[in-house]
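Participant: One structure coming up, written as structure tokens, with questions to follow.
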Ligand SMILES: N[C@@H](CCC[C@H](N)C(=O)O)C(=O)O
């Protein structure tokens with residue numbers, strides 16, 4: 001087992017938002033902490049549990065925000081960390097709403113303090129905060145007028161706390177995601193790699209979106225990707241600031257609030273818990289030591 005983890009049992013919950021699936025570990029009360037090798041081993045769909053992301057719940061204080069209901073650290077299946085994960089934030093918001101019995105909760109992430117609430121229609125909504133559009137925030141390797149990438153079209157680079165490269169295409173269904181995704185994810189213009197989105201217009205307020213996620217690959221849904229897609233579409237005049245985004249796993253409702261309402265991006269959709277379990281000690285014992 002990794003030398004820095006304790007041998008206390010590690011309980012976890014499997015959840016998903018539209019098939020974007022997560023292992024959720026609550027580390028607020030102590031117990032083993034997530035390391036890159038634990039994330040990779042758990043993320044293995046054959047020898048572990050399998051997930052797109054692992055959401056590690058910590059105290060708000062650990063992330064410098066003691067007033068928040070909790071803090072959240074996101075891990076990709078390849079063991080890398082991410083500054084944002086919209087669907088995992090919605091899943092954890094649903095847990096904290098049940099835990100606190102309140103109508104809204106505050107979650108501290110690397111992208112700031114995000115608020116989550118249960119809407120009357122039963123969907124969990126999170127305000128994902130304002131997008132950043134300048135090259136240094138995304139980040140891009142350098143300032144450019146147009147993103148010159150090995151694909152037709154002029155994509156938009158958007159940060160939702162994590163990097164996104166959004167292509168508007170005629171037909172998102174026709175894109176070879178497994179070929180194009182990794183090529184753009186690791187393009188030298190993106191020093192921290194990038195999530196890759198392909199959107200096409202279905203109706204004036206409806207987009208089709210397919211996503212290749214940094215550190216996870218093809219996903220059934222990506223919340224921050226849906227937010228970035230609507231921000232890019234609204235800026236390009238493809239849609240307004242409010243749209244339904246149809247992903248492989250279902251639909252998310254996205255609204256980019258105006259500046260005078262904070263400029264955040266609201267994202268609403270369903271969440272589900274699949275099971276709760278405890279990792280076998282043998283699994284933890286077999287983890288390679290951290291490099
Ligand atoms: N599934 C997520 C995004 C997860 C993080 C991403 N792969 C990254 O590395 O930035 C979502 O719902 O936003």
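Using N, Cα and C of the backbone, Cβ positions are placed for all residues, glycine too.
Below are the features I grabbed from TrEMBL:
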type	residues	note
ACT_SITE	85	active site
ACT_SITE	85	active site, proton donor
ACT_SITE	222	active site, proton acceptor
BINDING	20, 53, 76, 86, 87, 162, 195, 213, 214, 223, 224	substrate binding site
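Buried or exposed, and what's around them? Tell me for each listed feature.
Facilitator: In the shown protein chains, 34 other C-beta atoms lie within 10 A of the C-beta of residue 85 (active site).
In the three-state DSSP assignment, the secondary structure recorded for residue 85 (active site) is coil.
Counting every protein chain shown, 37 other Cβ atoms lie within 10 Å of the Cβ of residue 222 (active site, proton acceptor).
Cβ neighbour count for residue 20 (substrate binding site): 33 (other Cβ atoms within 10 Å of its Cβ, all protein chains included). In the three-state DSSP reading, residue 20 (substrate binding site) counts as strand.
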Participant: What number of additional C-beta atoms lies within 10 angstroms of the C-beta atom of residue 224 (substrate binding site)?
Facilitator: 32
Participant: If you take the centroid of the Cβ atoms of 20, 53, 76, 86, 87, 162, 195, 213, 214, 223, 224, the listed substrate site, which other residues of that chain have their Cβ within 8 Å of it?
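Facilitator: My list of surrounding residues reads 52, 74, 82, 84, 85, 88, 211, 216, 219, 222, 225.
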Participant: At the level of the C-alpha atoms, what whole-angstrom distance separates residue 214 (substrate binding site) and residue 85 (active site)?
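Facilitator: A Cα-Cα distance of 11 Å.
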Participant: Counting Cβ atoms within 10 Å across all protein chains shown, which of the binding-site residues 76, 87, 195 comes out on top?
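Facilitator: By the 10 Å Cβ neighbour count, 87 comes out on top.
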Participant: What is the nearest of the binding-site residues 76, 195, 224 to residue 85 (active site), using the Cα of each?
Facilitator: 224
